[in-house]
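Q: This is the structure I want to talk about, given as structure tokens.
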Amino acid sequence: MNLLVVGSGGREHAISKKLLESNNVENVYCAPGNDGMRLDNIQLVAISETDKAGLIDFAKKAEIAFVIVGPEVPLLEGVVDALEEAGIKAFGPKANAALIEGSKDFAKQFMEKYAIPTAASKTFTDYAEAKAYLDERGVPIVIKADGLAAGKGVTVALEMEEAVLALKDMMLEEKFGDASLKVVIEDFLAGEEFSLMAFVNGEEVYPMAIAQDHKRAYEGDKGPNTGGMGAYSPVPHISETVVDEAVEKILLPAAKGMVKEGRYFRGILYAGLILTAEGPKVIEFNARFGDPETQVVLPRLESDFAALIDALLHNEKPDVRFKKSGITLGVVLASAGYPEHYEKGNKLTGLNDVAEDVAIYHAGTKQDENDDFISDGGRVLLLAKEAETMTDARTLLYPEMQKLDNPNFFYRIDIGTKAE
């Protein structure tokens, strides 16, 4: 089989690498991909992730068996719809189902309708009304841009000053453009966060091993929200009972509800959850693999990944098995200044010194004219290591991160400490 992955980040690197482990996969192409993927025999195709005609044309020429669409933007722009209309099998929700990620307001109304546990919230398009509601609710409070903002459109405000600033940025300064013309204000939930992703086909839900992401930029969960600074899987302090409850009360009702709404969901449903005193509740839904969670969850998949996706695309029951022992830890190397203002084009040092048994997933990198890797984004790459315990994983992984030390980049040194 020849397969095509759409996207260019660390998530797509992990997806492509896992597909290449499958028995009957010959070639994996990534459009547009990044230069670091080539090191794992992934073939790059110079087509943008939203170029529907280009993707269709290539898929036909290269005799692609199926396409996996990685990021949220092409999903919401209807890339899966276009591929399927052209007779090409594609894994990922169509645009009308991807709305569960594309609009926080839609997701909130949907959860309310289907009694899926989440924080109380209200949606606003008028700044004065939103500000009045903020004054009434007080802090801590959470303010979210309705649309896509690359994981940065959420402010968890502990002080009123911070809340008002976030609201002004979104509604008056239009910090996220059209994405923040509508704003969701929701109650703050206290508890332990975790990510639960599942393979979904209509009403069928096949959960993956859970992961814990680290959203804040700096140690001790301080600083602004990012796309994610590191992750690990599984999460030893979240019990199987809690995960089962989340599948029963959140994922299954969501999958069934989407079918009822005429928004048949086939793809990855990602639930960002928080374990509160009343049980697990939804912080957010995403319509695709999480990044960086994918880089620590997919390596733990024991079943044949390509066969699994192929089964779902043929409405067959997939074989979904994850490793039961050990833990996988991943730490992101980011450009200094991320998630705000950062430079591109800084040379990466020490990459060739990283131990062979440590996985390198490239995200914001490219090669210069001397074939040296330079930065090309906020999150540059992720190193991942599997070990028996978290203490072992941290002891083995962080010396490898230190090989990449460079004033132009930074990483969090506390990823995984909660699981020790």
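A Cβ is built for glycine as well, from the same backbone N, Cα and C atoms used for every other residue.
In case it helps, Swiss-Prot gives these features for our protein:
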BINDING   134-195  ATP binding site
BINDING   Glu284, Asn286  Mg(2+) binding site
DOMAIN    108-314  domain 'ATP-grasp'
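Help me see these features in their spatial surroundings.
A: The number of other CB atoms found within 10 A of the CB of Ala190 (ATP binding site), across every protein chain shown, is 9.
A C-beta separation below 8 Å, combined with a sequence spacing of at least six in one chain, links Asn286 (Mg(2+) binding site) to Glu72, Glu101, Ile268, Leu269, Tyr270, Gly272.
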Q: Least buried of the binding-site residues Ala150, Ala166, going by other Cβ atoms within 10 Å?
A: Ala150
Q: Give me the mean pLDDT over the domain 'ATP-grasp' (108-314), rounded to a whole number.
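A: Averaged over the domain 'ATP-grasp' (108-314), the predicted model reaches a pLDDT of 95.
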Q: Counting other Cβ atoms within 10 Å of each residue's Cβ, which of the binding-site residues Glu174, Glu284 comes out lowest?
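A: Each of the binding-site residues Glu174, Glu284 was scored; lowest Cβ tally within 10 Å is Glu174.
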Q: If you run the three-state DSSP split on Glu284 (Mg(2+) binding site), which class comes out?
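A: Note: Glu284 (Mg(2+) binding site) is in a strand by DSSP.
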